[in-house]
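Undergrad: If you look up Swiss-Prot, you'll see 9-13, 110-164 marked as FMN binding site, on the strength of sequence analysis. Under the heading compositional bias 'Low complexity', Swiss-Prot lists 205-254. Taken from Swiss-Prot, the feature compositional bias 'Polar residues' applies to 261-288. Taken from Swiss-Prot, the feature domain 'Flavodoxin-like' covers 3-192. Among the features that Swiss-Prot reports, region 'Disordered' is placed at 202-288.
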Amino acid sequence: MKIAIIQYSTYGHITQLAKAVQKGVADAGYKADIFQVPETLPQEVLDKMHAPAKPTDIPIATNDTLTEYDAFLFGVPTRYGTAPAQFFEFWGATGGLWANGSLAGKPAGVFVSTSGQGGGQETTVRNFLNFLAHHGMPYIPLGYANAFALQSSMEEVHGGSPYGAGTFANVDGSRQPSTLELEIAEKQGEAFVKSATKLVKGSKKTNTTTTSKSAATSDAAGTTSGTAAGTSAATGAATGTSAPKESTKEASSSAKKEATNGTATRTQQSTKAPETAEKSSCSKCIIM
């Protein structure tokens, strides 16, 4: 199972959580690769925000990333209780994948970063589920079973919820993820693997079984057809019957006419109706 951690981070808080989640995945016996979604803000704006340069050792996520990997963990900083524009742009470019159902059945989890309590630790994840739902991607929450003691700790103010790991960054980004928050993120990585492997292995097993059944059915049909043809030929040879030449000519002529008509009909049916150019991936959602 190939796991990708796809995240966006302005000041590095989400990236720190991503690395903790990656460690949790490794502790569960799997490997996860970290990616970052493309930046949409101009450098001039980023400079005014005093945002550090993006890590050069973390590759950019593309549609190919989504098709090549089997399961995903998304690191999402909040913007007014939902994902930032960078993630909306990222998902907005996946219309082709949506049309083909390329991501259907691929499990996903989410972890977040907000400025403080009430800043969207839960709503950011819930709003992010819109993307997963439209693509048919099963959502795997952190829950409580794997990290209850950590999540319910009252020793310090901390991020995270049953929806996923989280951190508080403060309004100016000065607060860094605490040891407790990083431990919860690790637990999410471990818990995600336990559930995702069941879904991915089950999906692959189903696909393999379906393919095998189709092949077996095809082989059986071919064998039956061949046997029937052989029996028919043997029967004809044994009785020594043959059709009159005139009847053969008439049958041949009739077959040619039917073939010609059939070809014309298929040609007519296969002619494509005029198509309206799709302006954006969202137009499909509006129409449907």
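We count from 1, first residue shown onward.
Glycine is treated like the rest: Cβ placed from N, Cα and C.
Mind running through what each feature is packed against?
TA: Counting every protein chain shown, the number of other Cβ atoms lying within 10 Å of the Cβ of Leu129 (FMN binding site) is 15.
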Undergrad: Name, in the order they occur in the sequence, the residues of the same chain whose CB lies under 8 A from the CB of Ser9 (FMN binding site) and which sit 6 or more residues away.
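TA: Residues satisfying the criterion: Thr15, Ala18, Gln36, Gly75, Pro77, Ser113.
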Undergrad: If you count other C-beta atoms within 10 angstroms, which of the binding-site residues Gln121, Ser153, Ser161 is the most crowded?
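TA: Going through Gln121, Ser153, Ser161 one by one, the largest Cβ count within 10 Å is at Gln121.
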Undergrad: Hey, of the binding-site residues listed (Met137, Ala145), which one tops the CB count within 10 A?
TA: Met137
